[in-house]
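> Per TrEMBL, transmembrane segment is recorded for A:34-57, A:69-90, A:111-136, A:142-165, A:185-208, A:244-264, A:325-347, A:394-415, A:427-449, A:470-495, A:501-520.
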Amino acid sequence: MALTPTAGRVPVWAFVRLKLRITGNGLRGRPARIVMFVLGLVAACFFAILGHAVFALPGLLDRPEAGEILFPFGGAVLILGWVFLPLLFFGVDNTLDPAQFALLPLRRRTLITGMGAAALAGLPALATFAATLGMVTSAAQIGGFGAALAGFTGVVLGLLFCVVLSRAVISAFATALRSRRARDLATIMLAVVAASIGPLELTLLGVLNRADWESVEVIAQVTGWTPFGAPYTMGLDVAAGRAWAVPLKVLIVVIAVGGLLWWWSRTVEQAMVGAAGGPGRGRAGTSDGRGPVEQLLFRWSPRSRFGALTAREIRYWWRETRRRAALVTLGMAGVFLPLSTAFAGGAGSATGLAFVVGAIAPIALANQFGYEGSAYATNLATGVPGRLEVHSRAAAHALFTVPLLLLVAVVTAVLERRPADIAPQLGTLLATYGAGLALVMPISVRAAYALPDTTAPFSLSSGGGFSKTLPGVAALFGALIAGVPVLVLTLWWPWLGLPVGLVYGVGAYLLGAHLAGAMLDRRMPELLAAVTPR
Amino acid sequence: MSLRGLVKHFDTRLAVSGVSLEVPAGSFFGLLGPNGAGKTTTLSMAVGLLRPDQGEAVLLGYDVWRAPAEAKALVGVLPDGVRMFDRLSGAELLAYHGLLRGMPADVVDQRARDLLDVLELGSGNRTLVVDYSAGMKKKIGLACALLHAPRLLVLDEPFEAVDPVSAALIRDILHRYVSGGGTVVFSSHVLEVVERLCSHVAIMSDGVLRMCGTLTEVRGERSLQDVFVQVVGGRVATGSELAWL
């Protein structure tokens, strides 16, 4: 006899337990992941203690007016961090993916409370809670028990707001990004946003330097009445004798959380269906009458293996989103680094810093085989020699980078109003770039690692990404050091800069490429295994 | 193709333990086995994608690991579970393969157009391979393996996710290829396909070659299905357990 199961009550802690179990299983038998987990734990503790101390300071020093500014702004920054940091850097915590629950008979309400509770049971939430408790300490010092109680209510509400807001935004993103094209676009947009944080910061600092404190206080007060600041100002309100504000602010936050929950429950349903959605449509319909070889190669490419390899690489730098994001970031850094230093410092500092761009540029190649993953099997099965592989990849990268380096040289020289500096500046850039390539090429063969096999824009690192990027960072510093002799040379004999830099860079590159090519010839299958996602 | 004593460990697990296999030239060879039997691992080692811990693989007289260039030039490979350079369009991907094989540009053009037309992928179609359906991806992969007219084809799961019409087309292409003197080695767990196509069959499970020979030798009087289940083991019928269903 067939029994129809009823939609039974699933306790909330079942979700929490599931999440903890999945996290635990992910760590089992993987020492590298355990190390990364412990590092994350240490970082979270550090953040919690630091945040707690900062937020407790106004109370310990008995300076409520400092708290009036610090709490709303600090709280707002925390909340914005909850929205943007996962999108930009950390990748979204998808331990519990709503799509996995699509087939289970769960009510939406159960699902939302369960996922919310699971999100609370994580390092970020605990660290945020511990950090914001500092505000309670402050409120207790200034206003006694009543203020502390109000502050605690606010902090709990604030944490809820953080979690629900970030979940809702991520869920909305996930549904908006179902087609590959939309996801590709989002990756590029995020790269632009991430790359523009530095310049934005400088601008903001400049504005802050000029702003007077009265207007800052007004903004702080206004922020205190938005959901972003309201949870964190309740304690101080009681301490300052404005206890009437607390119920109003609680209401503001509760309404905001409620609205977000409603939004989230709407999008989560679409996200559940999303997994079964069809693939996005590409450029179907547009037809190309040219022959296949013409379509692949550029007009000036040689009709050979080298031509095919470089043409494919060039197209990949543009079509593969992670690579394009890397290019965009490099372009932003290349233009803004000299610009901002020229504005900030006096003459000479821009020249000094610009050559950093030459060292940053090759970093994009540090895991060049990881970008295409197991597709490298094609080159392996057709027996592409290592030297050819390395040269073609470097050539494609240089095609994008060398014009950028020229641009950097021109921009810095113009900013410094010394057009004669263009040539030596370019020389230094080429020297660091060549040295960087020389270091990065062997690294890309020896220390390749697999990137997740998805086109999802938010999963750039498959957990523990940091330790894998260390060799690339080492190469950055190596290239900087290697570029110093040429830099010093240009200080004494500027006219020697370009020829010496060119020869130095090309020479270093050839040496590195020779090494990397020979290494690749010995390690091709191992490299394929290293970049194949498991 | 001749494999001698191939062994491969992954961490502590023994994926393939000493597989030796002789594939006669001109045969249509089916490598059968349940999921996780080591078929993909064996074929990867045979074509030089995965370095074996022990043993050797000889393709048309060339050792894959000692004379890789010569061996790889004569073989066409369709790997399974491996990405292609999927940010290229189908035509671009074929051109890439052809040029990597060192073929002249005009030959590449002409053959690529032929293959795209026959496999109904469209030579002017600019859709990127990443946006292809699973069946189309298999077809473009097969086209890449055929482009340089190799004498040996090694295909890993060529019929998986392929619709019946395309599967019939692929069968026809492979038949013609074998009758023209080529050798095909392919892995599958679809017994009907193997029974219909192959002249030779081998059955693997748990990293070991259980049976090997011509189809009639292996099958005997029974159906291939019965032989397979008997060799591999495992239950195919329920007792009294699922009475509530």
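Residue numbering: from 1, along the chain as shown.
Any Cβ shown, glycine's included, is placed from N, Cα and C.
All annotation found in TrEMBL is predicted automatically rather than curated by experts.
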> List, by number or range, the same-chain residues at least 6 past the transmembrane segment (A:142-165) whose CB is under 8 A from its CB atoms?
58-59, 62, 64, 67, 75, 78-79, 82-83, 116, 119-120, 125, 128-129, 132-133, 135-136, 227, 230-240, 243, 246, 249-250, 253-254, 256-257, 260-261, 264
> Give residue numbers and ranges for long-range contacts of the transmembrane segment (A:394-415): same chain, 6 or more residues beyond its ends, CB-CB under 8 A.
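Contacts of the transmembrane segment (A:394-415) (Cβ under 8 Å, skipping residues fewer than 6 from its ends): 306, 310, 313-314, 316-317, 327, 330-331, 334-335, 338-339, 342, 350-351, 354, 357-358, 361-362, 364-365, 421-423, 425-426, 429-430, 433, 437, 441, 509, 513.
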> Which of A:111-136, A:470-495, A:501-520 has the most Cβ pairs closer than 8 Å to the transmembrane segment (A:34-57)?
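Out of the listed stretches, A:111-136 contacts the transmembrane segment (A:34-57) most.
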> With Cβ-Cβ distances below 8 Å as the criterion, list the same-chain residues six or more beyond the ends of the transmembrane segment (A:470-495) that contact it, or say none.
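Sequence-remote neighbours of the transmembrane segment (A:470-495) are 352, 355-356, 358-360, 362-363, 366-367, 420-421, 423-425, 427-428, 431-433, 435-436, 438-440, 443, 446-447, 501, 504, 508.
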